[in-house]
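Read the structure below first, then the notes.
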Amino acid sequence: MVDKRQLLGMTLEELKGVASEVGLPAYAAKQMADWIYKKKITRISEMTNIAVAKRALLEDSFEIGAYPPSEYQKSKDGTIKYLYAAGPGRFVESVYIPTDDRATLCVSSQVGCKMNCLFCMTGKQGFTANLTANQILNQIQSLPENDSLTNIVFMGMGEPLDNVDELFKVLEILTAPYGYAWSPKRITVSTIGVTKGLKRFLEESECHLAVSLHSPYPMERLSLMPVEKAFPAREVIDLIKQYDFSHQRRVSFEYIVFKNLNDSLKHAEALSCLLGGIPCRVNLIRFHAIPNVSLETSDIAKMEAFRDFLNAKGVVCTIRASRGEDIFAACGMLSTAKNVTFV
């Protein structure tokens, strides 16, 4: 049996290639895109404006490639964590986060992660594979709450800019008129600062950027994030300063606050100096305890003092509300290591 190729995750140019393969005119690519991304069909047979014989040819080699989540967990705060298969013995998690005025989906880009951040369960899992554009988009398209989505954040499992080619295909489909036609303002890509991918993102994308920072001091950041050695925060920030964030595109810096480690006003002062000249936001995030890691979260009074100091210095700073901690869906808690036995 020949493995079929998935149409979900193909760009318009790729769909033109599919049309050519089965003897359809080039304009049929737009018809297929409408069916896949706007009508969200799950079977090629539903493409009723394409001739039956041509649909049969398509079905010989292709499938839509949309598949429902394998399981889910719902938090007491309404957050829902979904598990998706991503190949034999491989799984990823995504998180649906509804609030009063928006509904955000936190999407994964890799099975596991190479970055091995001290505070992150995904990093403890290690890296298995990059997700394909199909596997990334399926988390969005097959979400039961898809119609309610207002925002997408690439802050799930993996480092998005370490899977940059598939990421850019997904961003194109999400924002292009032939695809979802979303505004880039509704999409945020998070990164630890993979330089090559970041440069491409800054040059080619209008989506928002979030940078995992967590300390203004190189050696301290290195103790938390081994990637500081390859991608120093100072170099990442110097690169960002070369681009314009004064209009619709935003940059934010993510800062998990650890007790007696990076929560002092000295840190806040150093952070304000490091970020000087960038119109940005700092998001303070409570550390969510994970197994075999001795770090603790800072107390709320210290976080509020840190926030107030930065705001007084002209750096917009907020404390992000934690969601889904009781189901291990909060920041730094995603992991599918436990699922690999269920093949």
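Here the Cβ of each residue, glycine as well, is placed from N, Cα and C on the backbone.
GLU93 (active site, proton acceptor) falls within a strand segment according to DSSP. Within the same chain, residues at least six positions away from GLU93 (active site, proton acceptor) with a Cβ under 8 Å of its Cβ are LYS81, TYR82, LEU83, TYR84, SER108, GLY156, MET157, ALA329, LEU334, SER335, THR336. The active site, proton acceptor feature in Swiss-Prot is assigned to GLU93.
The active site, S-methylcysteine intermediate annotation in Swiss-Prot covers CYS331. Within its own chain, CYS331 (active site, S-methylcysteine intermediate) has MET155, ILE256, ILE285, HIS288, ARG320, SER322 as residues 6 or more apart in sequence whose C-beta sits under 8 angstroms from its own. Mapped onto three states, the DSSP output places CYS331 (active site, S-methylcysteine intermediate) in coil.
Taken from Swiss-Prot, the feature [4Fe-4S] cluster binding site covers CYS113, CYS117, CYS120. Around CYS113 ([4Fe-4S] cluster binding site), the C-beta neighbours below 8 angstroms that are at least 6 residues distant in the chain are CYS120, THR122, GLY123, GLN125, GLY126, PHE127, MET157, GLY158, GLU159. In the three-state DSSP assignment, the secondary structure recorded for CYS113 ([4Fe-4S] cluster binding site) is coil.
Taking all protein chains in view, 25 other C-beta atoms sit within 10 angstroms of the C-beta of LEU213 (S-adenosyl-L-methionine binding site). Secondary structure at LEU213 (S-adenosyl-L-methionine binding site), taken from DSSP and collapsed to helix, strand or coil, is coil. If you look up Swiss-Prot, you'll see GLY158, GLU159, SER190, SER212, LEU213, HIS214, HIS288 marked as S-adenosyl-L-methionine binding site.
Swiss-Prot lists CYS106-CYS331 with the feature disulfide bond, giving sequence analysis as the kind of evidence.
If you look up Swiss-Prot, you'll see 99-320 marked as domain 'Radical SAM core', on the strength of sequence analysis.
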CYS106 (disulfide bond) to SER190 (S-adenosyl-L-methionine binding site) - Cα separation in whole Å: 10
Entry from the binding-site residues list CYS117, GLY158, SER190, SER212 having the most other CB atoms no farther than 10 A: GLY158
Recorded S-adenosyl-L-methionine binding residues, GLY158, GLU159, SER190, SER212, LEU213, HIS214, HIS288 - maximal Cα separation rounded to whole Å: 19
Neighbour-count leader, CB within 10 A, recorded positions: CYS106, CYS120: CYS106
